[in-house]
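S.K.: One structure is given below, represented as structure tokens, and several questions about it will come after.
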Ligand code: UDX
């Protein structure tokens, strides 16, 4: 199959490289000429484990190409994927679809022969209908079908998620489009991945409902963690105890500083807006959004409490800035709330992140960035773990004790065990695991 992928952001680049690896011929198109130029030199615009090798080998084998001008690729394509950004629109939280519609217009003007137009970007219910209208209006004679095919890729694990997904969802009523999509994903038959065909609106909603449910699950365990602290219980054991029930499942029950990232905050907000507009509000998700927002801000209070309530003149060592490990993505990261809140209370913040500092430096005014974790810890009053990078799981605790002014750690990701930390002489604070729970 021939594929044109419009947009070489996170989703487009990973999907394009993986389709090429499946054996299809893929051109990834992006208006950003410098990005395409760098991709020609195998420089990835994002940090994703394994992506550079995957791109390099498929380019070398002639299945993957990059272009600024999409004309040739779109003309030749059996399927054109729209994988452009859908940021939150300023002011109202609705998804901004201007890039999606611009791509639809471009596709309408260029496509040739039967073409399947696929939305890979997360788009609100009804967007497929609008894309169909846009294309039909510009090309009344065109032979095409618009399909919804949401992605469920986690950053840091995106290639594995694409190649071994739990399921693939394809929303279309068009038989020919179904056949094209089935052929595109045929390699997944080998590991018996369910490919679920649904109506287009259903497929669009599945993506939002999945993300909203996961965000709600995290928020649930975060609230339970607070309760654990109040009543002397251990949230990790509560999570395990409920997660072993198959109906609940053990994943996404890790309590922390609140969810961030490029999807959950934006998608929950957009779903809330869609539901309100449709006259069928989603109260659970509205509450989830509000709780998570407040939680990220409240993390600075925990640091203050660990130091007796006052942060004036104190130095805080912040370990981890990205919204989760194995990514350089800073979008909606808890650090964007936590660091300013610490500084507003009078603290100096010394931070280190293995991949996120370049981006963080643009977003976090006033933070002092350090070369490594120990440099960030030197002379600080408290160590705060904000992102659970592997390298923070095996820190040299004796060395930290010498570097800190006093041995205090606030572990917002529950990386260490409270008993161990106490035995080593730390005053240790984590999430949902009061010392008296042990
Ligand atoms: C998410 C979805 O998992 C993916 O299916 C969708 O396509 C895009 O959004 P991603 O944003 O890459 O993927 O990150 P994910 O690993 O899901 O984590 C999101 C946030 O939730 C992070 O801030 C993470 O720290 C937090 N989280 C996750 C928790 O706090 N606890 C958990 O148990 C799981």
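Here the Cβ of each residue, glycine as well, is placed from N, Cα and C on the backbone.
Curation plays no part in TrEMBL annotations; they are all automatic predictions.
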S.K.: With 152, 153, 154, 155, 252, 253, 254, 255, 256, 260, 324 listed by TrEMBL as substrate-binding, which of these, 207, 362, 370, 401, is given for the same site?
M.R.: 207
S.K.: Among 251, 266, 405, which residue shares the NAD(+) site with 30, 35, 86, 122, 155, 331 according to TrEMBL?
M.R.: 266
S.K.: Relative to the Cα of residue 266 (NAD(+) binding site), which of the binding-site residues 152, 255, 260 have a Cα no more than 10 Å away?
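M.R.: Among 152, 255, 260, the ones whose Cα sits within 10 Å of that of residue 266 (NAD(+) binding site) are 260.
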S.K.: Fewest other C-beta atoms within 10 angstroms of its own C-beta: which of the recorded positions 253, 255, 263 fits that?
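M.R.: Counting other Cβ atoms within 10 Å of each of the recorded positions 253, 255, 263, the minimum falls on 253.
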S.K.: Which whole-number mean pLDDT does the model give the domain 'UDP-glucose/GDP-mannose dehydrogenase C-terminal' (317-418)?
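M.R.: Computed over the domain 'UDP-glucose/GDP-mannose dehydrogenase C-terminal' (317-418), the mean pLDDT is 97 on the 0 to 100 scale.
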S.K.: Give me the CA-CA distance between residue 152 (substrate binding site) and residue 35 (NAD(+) binding site), in Å, as a whole number.
M.R.: 24
S.K.: Counting other Cβ atoms within 10 Å, pick out the least crowded of the binding-site residues 35, 154, 207, 266.
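M.R.: Among the binding-site residues 35, 154, 207, 266, the sparsest Cβ neighbourhood within 10 Å belongs to 154.
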S.K.: Can you tell me how the residues of the domain 'UDP-glucose/GDP-mannose dehydrogenase C-terminal' (317-418) break down into helix, strand and coil by DSSP?
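M.R.: Secondary-structure composition of the domain 'UDP-glucose/GDP-mannose dehydrogenase C-terminal' (317-418): 33 helix, 18 strand, 51 coil.
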